[in-house]
Amino acid sequence: MAFTAKILLLGSGELGREFVISAKRLGCQVIACDAYEGAPAMQVADGFEVFSMLDGERLRAAIEKHRPDFIVPEVEAIRTEVLAEVEAEGFCVVPSARATQMTMNRDAIREVAAVELGLRTSRYRYAESLDEVLAGAEHTGLPCVIKPVMSSSGKGQSTVRDATDLEKAWDYAVANMRGDRKRVIVEEFVAFDYEITLLTIRSREGVSFCPPIGHRQERGDYQESWQPTPMAPAAIAAAQDMARKVVDDLGGYGLFGVEFFVKGEEVIFSELSPRPHDTGMVTLISQNLSEFDLHARAILGLPVPEVVLHGASASAVILADRESGSFAYEGQAEALATPGAQVDLRIFAKPVTRPYRRMGVALALAEDTDTARRVAAEAAGKVRIVY
Ligand SMILES: Nc1ncnc2c1ncn2[C@@H]1O[C@H](COP(=O)(O)OP(=O)(O)O)[C@@H](O)[C@H]1O
Ligand SMILES: [Mg+2]
């Protein structure tokens with residue numbers, strides 16, 4: 001058997017699964033890793049390893065066992081020190097060990113963006129005690145958003161409108177943070193008009209972009225995304241300019257999901273993922289090459305052509321409403337028959353470990369964005385998780 005490259009995928013969720021499919025189509029061998037057997041990406045990979053990505057010894061052992069051409073993180077929570085060590089030994093970490101380290105810590109990436117690169121961000125302060133939180137909120141003003149520096153999917157994050165709630169927000173952040181650093185970022189609440197993800201590809205040929213993706217978040221997770229989202233040319237240019245600066249600083253090849261808030265004429269950098277972004281699942285229907293295809297191409301050193309948008313598109317999430325060991329999916333046929341747009345589904349086939357867990361997405365391609373959003377939401381609503 002001959003493969004074009006060997007990839008060790010760290011994290012095997014639904015985004016990893018789509019990436020594996022893209023990489024397999026280009027002839028790669030993929031070993032998918034995650035903390036439990038049967039994870040979505042493992043279902044389509046050549047092999048798998050089960051261990052916690054935060055376990056440095058097991059991570060190193062898997063890298064040494066497989067000696068991959070590319071180590072591709074799918075999640076943020078990884079023992080990134082090991083990635084830095086193996087990169088120094090000659091392994092290729094995607095997009096770079098530095099990118100994984102900087103983006104795992106909100107304070108690290110904020111320093112790069114706001115201080116080193118001088119990008120416009122929300123006002124912020126870091127805090128390691130309640131007193132520092134109070135001082136931070138003085139600096140940002142109220143409302144403010146408090147987030148653990150190490151967390152994702154909105155975990156431990158709260159918006160504080162009244163100073164008497166700052167203590168509760170600090171306690172909540174400390175109770176829900178990852179890692180052992182009791183540190184939060186206190187951010188000015190940006191009353192944005194809308195927020196976007198700018199998928200940015202850094203390849204051998206340079207930096208390129210997908211049309212901006214609009215999205216709506218609830219409880220720290222995205223609920224729906226759409227592409228393109230109407231945006232003034234000057235605002236797109238400003239976002240692209242900031243995204244280019246950040247990805248060039250982080251280095252390496254791959255696709256990045258760069259998040260911005262837009263308020264009036266102003267474009268404010270928020271954060272980024274050095275890998276495909278969940279809101280970017282809309283590209284599974286909207287573009288000739290999905291964000292996963294683009295990530296694979298950039299990593300493998302293959303040409304990254306200009307993206308062709310098939311039309312206005314949207315994705316809407318299918319959520320479980322409770323934790324359960326035993327459940328079934330129902331309603332796929334009705335969902336796929338939703339009129340008004342081309343409809344598709346991605347069903348994740350993974351355990352329901354918590355309420356509101358994302359179990360699938362509905363995708364729609366329509367005449368215009370409003371129709372695509374409406375049809376995607378309707379289709380998502382037809383898929384039921386039954387217990
Ligand atoms: N400073 C802020 N002002 C207003 N909304 C915010 C702010 N920070 C975060 N949010 C909202 O919370 C969502 C999740 O925050 P984010 O910083 O992206 O964390 P995560 O790493 O969990 O995605 C954002 O997409 C946005 O909707
Ligand atoms: Mg985010």
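Heads up, the Cβ atoms here are built off N, Cα and C, so glycines get one too.
Just so it is clear, the model here is predicted, and its values are computed rather than measured.
What TrEMBL records for this protein:
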- Glu14, Leu15, Glu74, Asp278, Lys350, Arg357, Arg358: N(1)-(5-phospho-beta-D-ribosyl)glycinamide binding site (BINDING)
- Arg106, Lys147, Ser152, Ser153, Gly154, Lys155, Gly156, Gln157, Glu187, Glu188, Phe189, Val190, Glu195: ATP binding site (BINDING)
- 111-300: domain 'ATP-grasp' (DOMAIN)
- Glu259, Glu271: Mg(2+) binding site (BINDING)
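Close contacts with ligand 1, defined as a Cβ under 6 Å from any of its atoms, occur at none of the binding-site residues Leu15, Gly156, Asp278, Lys350, Arg357, Arg358. Residues near Glu74 (N(1)-(5-phospho-beta-D-ribosyl)glycinamide binding site) in space but far in sequence (CB under 8 A, at least 6 apart, same chain), listed by position: Leu9, Leu10, Gly11, Ser12, Gly13, Leu15, Gly16, Phe19, Ala41, Arg275. Note on proximity: among Gly156, Glu187, Glu271, the binding-site residues of the record, the Cα nearest Arg357 (N(1)-(5-phospho-beta-D-ribosyl)glycinamide binding site) is that of Gly156. Around the Cβ of Gly154 (ATP binding site), 15 further Cβ atoms fall within 10 Å across all displayed protein chains. Largest Cα-to-Cα span within the ATP-binding set Arg106, Lys147, Ser152, Ser153, Gly154, Lys155, Gly156, Gln157, Glu187, Glu188, Phe189, Val190, Glu195: 21 Å. Ligand 2 lies under 6 Å from the Cβ of none of the binding-site residues Glu14, Gly154, Glu187, Phe189, Asp278. If you take the Cα of Glu259 (Mg(2+) binding site) and the Cα of Lys350 (N(1)-(5-phospho-beta-D-ribosyl)glycinamide binding site), they are about 27 angstrom apart, rounded to a whole number.
Straight-line distance linking the Cα atoms of Glu187 (ATP binding site) and Arg358 (N(1)-(5-phospho-beta-D-ribosyl)glycinamide binding site), rounded to a whole number, equals 27 Å. The Cβ of Glu14 (N(1)-(5-phospho-beta-D-ribosyl)glycinamide binding site) lies under 8 Å from the Cβ of Pro40, Ala41, Met281, Arg346, Phe348, Lys350, Arg358, each of which sits 6+ residues away along the same chain. DSSP assigns Glu259 (Mg(2+) binding site) to a strand in the three-state reduction.
Long-range neighbours of Arg106 (ATP binding site) (same chain, six or more residues apart, CB within less than 8 Å of its CB): Lys147, Pro148, Val149, Met150, Ser151, Ile185, Glu271. If you take the C-beta of Phe189 (ATP binding site) and look for same-chain residues 6 or more apart in sequence within under 8 angstroms, you find Ser122, Thr140, Leu142, Pro143, Cys144, Val145, Thr159.
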